[in-house]
Amino acid sequence: MARAGWTSPVPLCVCLLLTCGFAEAGKLLVVPMDGSHWFTMQSVVEKLILRGHEVVVVMPEVSWQLERSLNCTVKTYSTSYTLEDQNREFMVFAHAQWKAQAQSIFSLLMSSSSGFLDLFFSHCRSLFNDRKLVEYLKESSFDAVFLDPFDTCGLIVAKYFSLPSVVFTRGIFCHHLEEGAQCPAPLSYVPNDLLGFSDAMTFKERVWNHIVHLEDHLFCQYLFRNALEIASEILQTPVTAYDLYSHTSIWLLRTDFVLDYPKPVMPNMIFIGGINCHQGKPLPMEFEAYINASGEHGIVVFSLGSMVSEIPEKKAMAIADALGKIPQTVLWRYTGTRPSNLANNTILVKWLPQNDLLGHPMTRAFITHAGSHGVYESICNGVPMVMMPLFGDQMDNAKRMETKGAGVTLNVLEMTSEDLENALKAVINDKSYKENIMRLSSLHKDRPVEPLDLAVFWVEFVMRHKGAPHLRPAAHDLTWYQYHSLDVIGFLLAVVLTVAFITFKCCAYGYRKCLGKKGRVKKAHKSKTH
């Protein structure tokens with residue numbers, strides 16, 4: 001009987017704990033960004049749903065990757081463009097990357113990307129034109145907004161409905177992250193993301209880093225002009241990028257210092273790099289068969305991401321030629337035209353389980369565009385890389401991994417078949433690359449809390465407390481001259497100059513007095529002698 005009396009309250013306690021968990025449940029509005037950005041954001045949303053929160057996802061009817069089968073409320077709105085329009089504009093942008101890579105905001109502005117960005121930003125106007133949806137959002141009494149800041153619509157929604165926001169991002173162009181969080185970023189050792197410099201810059205690189213920083217301030221307003229015009233129209237007041245980004249409660253940054261260079265951070269910046277890494281699952285039979293057939297040489301995984309569907313024919317043939325000269329089996333995720341010189345060791349697939357393949361012990365190398373998702377999966381699984389960055393932060397990611405000895409970077413526009421062949425043989429045969437990536441993997445995994453759990457905690461924190469004002473620095477309330485202490489410097493300089501002036505005047509007066517008295521004595525002495 002005593003034993004029964006001891007165990008009987010256990011189910012009741014469990015029920016009470018579960019009840020408490022759901023009593024804490026809140027209401028979250030999610031404004032995601034289309035494309036690969038949604039993949040990892042979705043994992044956070046799904047975990048929040050499992051924890052009992054009421055989640056509402058707002059997305060345009062026209063999208064590539066946005067998932068409508070989530071176990072939550074999904075609200076869609078029509079757009080002024082079709083999926084064909086979106087695909088056409090993106091293909092223009094993607095093809096341009098095979099001709100010239102943007103290494104500054106000005107070059108990005110002058111490229112064909114501006115048309116795609118204008119179309120991309122325009123969907124926010126469509127959201128607010130849907131008065132029924134806006135009224136629903138207004139009456140829903142959300143606790144917070146969970147958003148991707150590259151799509152400024154989430155920031156506009158947060159400001160329009162006066163809701164605390166949790167931002168989910170790898171980084172943002174134009175120093176909007178640093179300015180929005182009021183986080184110092186010394187140009188002497190914090191390189192611009194588009195330049196691909198390390199934190200140990202030469203004098204020439206530091207000069208160029210300053211020039212590009214000034215260029216950002218001059219031209220970023222034009223790159224995001226359409227987005228800011230839409231924001232001003234919706235909010236019915238002139239809006240700057242700082243106005244949108246500066247009200248962020250928590251920044252969930254998909255980075256980690258095994259990839260990022262050490263730099264200043266703010267208390268509302270939470271690092272969740274590697275959130276997309278998962279425990280490897282058993283491979284589909286098709287891929288298991290490829291690996292078994294590869295023998296002792298193993299495999300190489302090749303993917304340039306979900307957004308690159310085709311490569312110019314000449315470049316694709318050069319790549320195929322290089323792949324045919326290594327003994328490994330190459331699994332190439334590619335949906336474009338099959339290169340005519342494709343070797344027997346190279347298998348084209350429309351899709352591959354990238355993380356699961358990278359986690360297989362027979363995987364020898366990873367050919368990647370150095371997107372943050374692929375780079376972190378490579379770090380988590382300890383696979384050295386050959387990196388062929390195309391746009392955005394990819395050049396920066398590649399430089400960081402190369403600096404840490406975890407891979408080789410190739411200029412995809414200039415590389416030859418021989419360059420790719422040599423790079424592959426280097427990362428496969430030189431043990432230092434494997435040792436370096438394994439060291440980074442060990443550092444990355446040595447953490448007290450998993451990135452997904454950390455992200456979920458901070459979203460819930462903002463929901464519970466209606467923001468995180470205690471983490472907001474007073475720098476937001478200062479003018480530019482107060483922030484840089486120019487008024488204090490001016491005051492102290494004025495004091496020093498005043499003291500120096502008074503001291504000089506006193507010395508001059510004393511000197512004149514002494515000299516004048518001495519002169520009168522001499523004159524009196526001369527008159528007596530005469």
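Placement of Cβ uses the backbone N, Cα and C atoms for every residue, glycine included.
Listed features, source Swiss-Prot:
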- 1-25: signal peptide (SIGNAL)
- N71: N-linked glycosylation site (CARBOHYD)
- N292: N-linked glycosylation site (CARBOHYD)
- N344: N-linked glycosylation site (CARBOHYD)
- 488-504: transmembrane segment (TRANSMEM)
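Neighbour count (other Cβ atoms within 10 Å of the Cβ, all protein chains): 7 for N344 (N-linked glycosylation site). Rounded to a whole number, the distance between the Cα atoms of N71 (N-linked glycosylation site) and N344 (N-linked glycosylation site) is 44 Å.
Its Cβ placed at the centre, N71 (N-linked glycosylation site) has 10 other Cβ atoms within 10 Å. On the backbone, the CA of N71 (N-linked glycosylation site) and the CA of N292 (N-linked glycosylation site) stand 38 Å apart. A coil conformation is recorded for N344 (N-linked glycosylation site) in the three-state DSSP classification, outside any helix or strand.
Proximity of N292 (N-linked glycosylation site) to non-local residues of its own chain (separation of 6 or more, Cβ distance below 8 Å) is seen for none.
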